[in-house]
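Engineer: My questions will all concern the structure given below.
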Amino acid sequence: MFEIKKICCIGAGYVGGPTCSVIAQMCPKIQVTVVDVNEARINAWNSDTLPIYEPGLKEVVESCRGRNLFFSTSIDDAIREADLVFISVNTPTKTYGMGKGRAADLKYIEACARRIVQNSNGYKIVTEKSTVPVRAAESIRRIFDANTKPNLDLQVLSNPEFLAEGTAIKDLKNPDRVLIGGDDSPEGQKAVRALCAVYEHWVPKEKILTTNTWSSELSKLAANAFLAQRISSINSISALCEATGADVEEVARAIGTDQRIGNKFLKASVGFGGSCFQKDVLNLVYLCEALNLPEVARYWQQVIDMNDYQRRRFASRIIDSLFNTVTDKKIAILGFAFKKDTGDTRESSSIYISKYLMDEGAKLHIYDPKVPKEQIILDLSHPGVSEDNQVSRLVTISQDPYEACDGAHALVICTEWDMFKELDYERIHKKMLKPAFIFDGRRVLDDLHNELQVIGFQIETIGKKVSAKRIPFASSCEIPKFSLQDPPVKKPRV
């Protein structure tokens, strides 16, 4: 059996970095080199301040960096020396041309394929780690075949990641499953067995699933679509709960005890974010449309539509509760990452909520324990989010949550950081304007509602009526749909 002794991973991001760090730690006899064109990112991986925040990641990197784990910008050299090359580059949603706003942009995948074939000789296994459309491996293989040379044998596998940001190290060390897809040919199965042997250093054989390449690629899209679907499903029920007086947490607990349903991903919130869910569902929608399956496409599009609706509904609820206007009102935004235990802000609901409130003239004071000020400003300065000097006029980045809440009309929790449960809310209430509102978009304060009401807060939370004093405005503001993938629309100057 072919033995993998050297691994190269192209892409030092949220997938490539943690994945290869764990492989290096679990396989001390395998040399793992993570490469990237971004020199600053590689320098960060080689420093004490890693470019991404992930619980446990720093300890893993420090245990094997310089021994059998290396980070480099010497991409061609790493490819030439490797027995196996992981492709772990970004596959963003297209923002132009055919499939704009839905199809995956594979330009980085194509660039990797061309670079690999240019710098390879002999036998090498090339493995998709990035989330890709079905039959992307066939496109890679066509590039290899068109640029073949004597004695070159490149085998293409699919090995999608299923880690979740915030629990990536735990997920990598104890995965629910490892999925490897390859050709049914003898050469393809030889490559599959070689990659299986790498994972068998720490993953039980029964958890390593092998399929054909296309099933593996589709399984990744389907898995993310199913998870996003569950979130949108419970969020749809949260709207019904708010209208009827039911509590979505109680409903989720009741249905989650049914073993056929289960209790995971039934946490109502302001909406899902991150780099994968929306991108992969939209990719699935586009795939269905391209294959003339419009009914299937419409079914999955509704998952995205419901997520957009939940964000708009939450922002509208904030505006309604604050006497139907937030113009020039200070509002504290607590949390900017798309979920706790990560510094990733991609498709974060905080961006959308901030955009809707800025459009109404609110003055936002934003705090997040792990997202740098520069990243927040960059996200909110996106041409589709804000206009001209809107961010400089309306956004302040706070150093701590108390500073953000000082003098605020309301505080809005957009990320479920554990620290927000431990804040001194009596201190916060004294410094806020009255009535003081809390809008809990992640239901992190459920156990504190009685205490907070005694202090004097007006509480609005997802999927539950809490404050009886809320004034419903008949002319509730209608917030238009918005996507980070939309081209910016310039409003005419008056």
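Backbone N, Cα and C define each Cβ position, glycine as well.
Feature table excerpt (Swiss-Prot):
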- E161: active site, proton donor/acceptor (ACT_SITE)
- K220: active site, proton donor/acceptor (ACT_SITE)
- C276: active site, nucleophile (ACT_SITE)
- 11-16, D36, R41, 89-93, 130-132, E165, 276-279, R346: NAD(+) binding site (BINDING)
- 161-165, 220-224, R260, 267-273, 338-339, R442: substrate binding site (BINDING)
- 88-110: region 'Disordered' (REGION)
- 129-135: region 'Allosteric switch region' (REGION)
- 321-325: region 'Important for formation of active hexamer structure' (REGION)
- 466-494: region 'Disordered' (REGION)
Engineer: When the Cα of V132 (NAD(+) binding site) is compared with the Cα of each of the binding-site residues A164, N224, A268, G271, which one is closest?
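Structural biologist: Nearest by Cα distance to V132 (NAD(+) binding site): N224.
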Engineer: Is any of the recorded positions D36, E161, K220, C276 within 10 Å of F338 (substrate binding site) (Cα-Cα), and if so, which, in sequence order?
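Structural biologist: Candidates kept after distance check: none.
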Engineer: Which one of the recorded positions (V132, A164, L221, A268, C276) has its C-beta surrounded by the most other C-beta atoms within 10 angstroms?
Structural biologist: A268
Engineer: Going by Cα-Cα distance, pick out whichever of the recorded positions G11, Y14, E161, R346 is nearest to G271 (substrate binding site).
Structural biologist: R346
Engineer: For E161 (active site, proton donor/acceptor), which of the listed recorded positions (Y14, N90, K220, C276) have their CA atom within 10 A of its CA?
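Structural biologist: Candidates kept after distance check: K220.
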Engineer: Can you tell which of N90, T93, N224 has the least company, meaning the fewest other C-beta atoms within 10 angstroms of its C-beta, among these binding-site residues?
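Structural biologist: N90, out of the binding-site residues N90, T93, N224, has the fewest neighbouring Cβ atoms within 10 Å.
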Engineer: Give the helix, strand or coil assignment DSSP yields for F338 (substrate binding site).
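Structural biologist: Going by the DSSP assignment, F338 (substrate binding site) belongs to neither helix nor strand, so it counts as coil.
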Engineer: Would you mind reading off the Cα separation of D36 (NAD(+) binding site) from K220 (active site, proton donor/acceptor), to the nearest angstrom?
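Structural biologist: Cα-Cα distance, D36 (NAD(+) binding site) to K220 (active site, proton donor/acceptor): 24 Å.
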Engineer: For K220 (active site, proton donor/acceptor), identify the closest of the recorded positions A164, C276, R346, judging by Cα separation.
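Structural biologist: When the Cα distances are compared, C276 comes out closest.
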Engineer: Are any of A164, L221, N224, C276 (the recorded positions) within 10 Å of R346 (NAD(+) binding site) when you go C-alpha to C-alpha, and if so which?
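Structural biologist: Those close enough are C276.
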Engineer: Return the count of C-beta atoms lying within 10 angstroms of the C-beta of G271 (substrate binding site), excluding that atom itself.
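Structural biologist: Its Cβ shell of radius 10 Å holds 28 other Cβ atoms.
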Engineer: Tell me the coarse DSSP state (helix, strand, coil) of T93 (NAD(+) binding site).
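Structural biologist: DSSP call for T93 (NAD(+) binding site): strand.
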